[in-house]
Structure formats: structure tokens, C-alpha cells
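Features as listed in Swiss-Prot:
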REGION    1-68  region 'Disordered'
TRANSIT   1-51  transit peptide
COMPBIAS  28-37  compositional bias 'Pro residues'
COMPBIAS  38-60  compositional bias 'Low complexity'
DOMAIN    75-256  domain 'tr-type G'
BINDING   84-91, 149-153, 203-206  GTP binding site
Amino acid sequence: MATATASRLAVPAPRTSPQAPGRRRPAAPLPSAPPRPRALSAAPRGRVVCPAAPASSPASTTDAGQDRLQKVPVSNIRNFSIIAHIDHGKSTLADKLLELTGTVQKREMKQQFLDNMDLERERGITIKLQAARMRYIMNDEPYCLNLIDTPGHVDFSYEVSRSLAACEGALLVVDASQGVEAQTLANVYLALENDLEIIPVLNKIDLPGAEPDRVAQEIEEIIGMDCSNAIRCSAKEGIGITEILDAIVTKIPPPQNTAISPLRALIFDSYYDPYRGVIVYFRVVDGSIKKGDKICFMASGKEYVADEIGVLSPNQMQVSELYAGEVGYLSASIRSVADARVGDTITHSSKRAECALPGYSQATPMVFCGLFPIDADQFEELREALEKLQLNDAALKAVTRFSMQFEPESSSAMGFGFRCGFLGLLHMEIVQERLEREYNLNLIITAPSVVYHVNLADGETVECSNPSLLPEPGKRRSIEEPYVKIDMLTPKEYIGPIMELGQERRGEFKEMNFITENRASVVYELPLAEMVGDFFDQLKSRSKGYASMEYSLIGYRESNLVKLDIQINGDPVEALSTIVHRDKAYSVGRALTQKLKELIPRQMFRVPIQACIGAKVIASEALSAIRKDVLSKCYGGDISRKKKLLKKQAEGKKRMKAIGRVDVPQEAFMAVLKLEKEVL
């Protein structure tokens, strides 16, 4: 390499004495150029194919791309996911696998390569699952490895479940310095439900605080998995990556060879392309599919022609055919988002499969809120944006009775909008930011609420997620709210503050177990409404960031709930109404009225701001009127003249108060809605 470097450098001419006039120095013969050396890359033990290298040279990590498209036997296909708690190095490990197998050139490599959205890079989290096809050589045998990267946050566990349904194995990545976290357990249970082969991986062993032996013991004690042969690696430093690839090949079983059966392919993801229509990601379970085949989506019954099929490596690369066990994408000029749903089965129109694949259980939305455009003219744009966004956000599709049917929600304060359901607060924030960034919308989002069961006096039970639609007290018998079981893992020194938090949120203590000498699992059952606010932030704050949580819905229970209305100048503001527990109604009402008093501009008349439960006012503030000095023109004279002017002013203010309307500015709405999220 030094020779090649030297040959490119400018060599200064040797210093000589001045030439005598009239004499010409004979030209020196040009030196012959040294032979150009062949660039060699440091491939780990020659395991990855380099199609450009001669047969006698060792294999290289460089991949020209076409090798990944070559067919391999079904017995040499491995479909796997990477599952982990958030921030345990899952995306970094995926990057190293792509780099080592030559799927992505080193000069093109960047952090979180599979995370395509700006939001994912800014927040350092994975939101959408991504797929990538890799080629790996072991014992001179080529293998096709299909990686499906998954999110780690609890709000996106539905994305994880869809990924696992398309795989036969999973890498369970655990941070060697932090140990087993709450979402680690949840992901393991998902993998076991799908009957996957799980390979434990201890990541970040290069950190000074890493304790791989302790963490391996934790996994054995908590999960019950043998970790004697757990792979110890550092995705950042590239340590142990080859051992992981070997384990994928040797431990994860291949898919079943059902290529001669009728086509059945499971759709596990999709997105909308403005030029090509709906792009479908699928896993071929039975049979095969070719470019130009006439296909049918079994749930919708719609038929299309497969204009383009290919693999994700990780960019889209066209192929002519995909067989059973392979993962790829499909484009068929699909313009209707309803025709290609996640979980649907693709089959041939001429030779249809007898039954569809099981698909996925629908995600249950946990949090509801209203989305309103600040500019009323953007209402139709918001409708179109939600239609496109719901295609590749499977959780949004589960909301069939609310906004995803696009039934408009109207508010006297904020105009027309939609009511949407989300899996959690982070999911809600991500959807809002995607709508604003990708579709250039300016939105107001109302305070989050949950779905309540209202038992009416006539014996009927109705669901209500919008406080403004809650039946009147005389028509309802009781209200039931959803409860969740929450499992918090925390170091033992923070058990006290964690239990205080559970008690403050109307939680019921269930059990506490020491999973290791220094870490405990604290289990509470509490209302979902108490958790959708700042519960997670408080959990991190009280544990100095060391605690984690995982929750699941356990059912509905009757509670003493009331509807809290906010009235401004006697008029209720529907957008600020909320459902709260009676014990918290006063504190919430007081906080909202004080905040509104700070934000609403003063008027020419006195404006009362009241928090009410039915007809009863429980908290009140008032904006004093702007006073005009009507006596300024009276320099003297009879007192009756002054009294007449003051009386006339008082009558005018009384009339203005009776017919006047107070406009709440958008800034006040946004500030109060943010406050509601904090105090509820």
C-alpha cells in the first residue's frame, strides 16, 4: 500500500547546479511505473464472498450486489429478527451485520443505516421495522440471511410481533452493563409465542461497567434460558460479529420447503409511494411468485398484476422470482390503501390457496385524542395524509370506529378534525410529527384520553373516548375505566420512590420480587388514564433513569369518575373538557383555570373562568376588565355629570358581557392542552 501511496505523490526534482549557457542537458530516461497493487480488505477469516476477486484470492467483505440475488436452496435460508429493550444496541448490531456481510459498502455506511426516517435518527430509536437481505459464506456454502430489524419501545411492540411472525429465529440482545430490562422480558414472551429459536447476545462488553457474567446469570434466573454459550460482543467495536453470523446459520432452522404448493405470502409491512402506489413487503410461506403473475389479496378479493418484485438488500433490488421462505417486496400499481392490508395473504388468481394465513391479531389502541388543523382549509389535506399514513402504520388501522373511518369531529373552538387512537404517548407524538413534517400540516392535538365503558340507566353499555360525548349524569348509572398491569424493574435503592409513584396514581400494589440481589420487580395495577400522562417521565426521574417498565391491559373496573368542564364567560369550551377521578377534580380544575387566566388577553368586561362538574363550580378565576377613564374630560362641574358617565359605562359593560364573545388564542389552547397532559 505504501508503494501505491508513493506513486501518487509529486516527487520534487533533485537540486542541481545551474546549466551553462548554450549547452543542453540530455533528457533523463523516465522511470518505469511500478505495478499497481491490488487492494485487499481485511475480511474476517474469508467468510464473505467477493464476486470481483479471483478464485485464488481470499474472500472479501466487498459485495458487488448481484451475489445477494443468486438463488440458494431453501435449507440455506435463515429468517431472523433482532429484539431488545430500547437503547441496547440493536440498530448498531444491524449496521455491523450489514457491513461485515458486504451488504453495505463501508464508504456508504452510516449509523442507524436501516432507520430511514429523520425522526428515528433524531431520537435515536427505531420506529418502523425494516428488512435486509444478506449473503454469508460458511464452510464454502452460501447462505441467504433475511434480517428484519424491529423497534424496542413498548409503544411499538405491535411492530415487533409482526416481524417475529415472518421469522424462524431471533437474536435477543441485552446490554452487558444494564442487564435485563422490562421490554426484554416482553420481547422474549413474544418470541416464545411464535415458537422461535432464541440466540442470547450480550452486547456492549467494551464498556467499563460491563458485567457479562452477571447479566448472563440474570437471563438464566429471570427468563430461564441457558446462557452458558451466550455470544459476547461489542457491536460498536465489531467484536464477536462473526460468531453471531455463525450462530444464525447453525442454530436457527430454515423455513419449510413448500415451493410446489399454491402461493401464500404474508404481508408484514407496506408503505405508499406517490409514483408507484402501494409497495408491499411480504414473506413467501408457500409456493412462488414471478414478475407478471396475476395475484389476489385474499382479504379484500382485489386482483392485480405484479409489475415488479424484488428483495430488500437493504435497498430495493429487482428479481424475476421469489420462492417459499424468501422475503421481498411487490409493486402492482395499487392505488387504494384498503386493498393491501398488513396481515393479508397474497395468492395467485388462477390457482388460489384454500385458506389464508392466520395473519396478525389487531393492535388495541390505548390512547385517543383529537387532531385538528390550525388552518381550516387543511382539513381535506389532513384526511388524505391520514389515509396514506395509516397504510404503513398498522396500529392506526386498528381504529375502525373512530378517525380511521374518517368520521369528522367538530369543535366550536377548533373547527373540524379527526379523533385518532394510538398505542401510547410516544406513538401519538411520532404520528403528529410525521403528519407535520411529511405532509406540511400545522396541527393542534387535544389532551389524550382513554376509552371508557359507560353503563346507562336502561342497561345498555356504550364506549366513550371523547369527554364531550359523555352521557349526562341522569342517563348513566356508572363509568368503568381500563386498568393495566405494570411491571417496573428498578435497582433496590429506588424501590421507595417507585412505590410512592404507584400510590399517587391510584395504583394497587400486587407484588414485589427481587430478581437479583440488587434489582427488584415491582408490580402494580393502576388506571390506564393515570399512565398516559407523565408517568414514564416520573418513573425515570425518581429512579435517576435506571428503572424501566412494561404494561399490559387487564380489563375494566368501575371508578368514581366525573366530567370536568371549563367555562369561559359562561360558555363551555368542549376542547378543554376532560374526564377525571373525583378526588383529583379540584386540583386539575384549579391548575387549568389559573393557566387560562395567564394566557387569555383581557377584555373590556370582566371574564369569569370556571371549572365545573355539572352545574357545580369547583374552581374559579376572573380576568379583570380593561378600564377606560370616562371622567378624563370632566375637569370640574357637578358630581351628577360624573355619575351619569359612570352609569352609562357600567350599562355598556353589562350589555357587552351579555353579548360579547371571548376568543381563546391558539397559543392558550396549546399551552393548556400541554398542561392537561401533565396534571391528568
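The backbone N, Cα and C atoms fix where each Cβ goes, glycine too.
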Q | Residue among the binding-site residues ALA84, ILE205 whose Cβ has the most other Cβ atoms within 10 Å | A | ALA84
Q.
Can you check which residue among the binding-site residues ASP87, LYS90 has the largest number of Cβ atoms within 10 Å of its own?
A. LYS90
Q) Helix, strand or coil: which one is LYS90 (GTP binding site) in, per DSSP? A) helix
(Q) If I take every residue in the domain 'tr-type G' (75-256) and average their pLDDT values, what number comes out? (A) 78
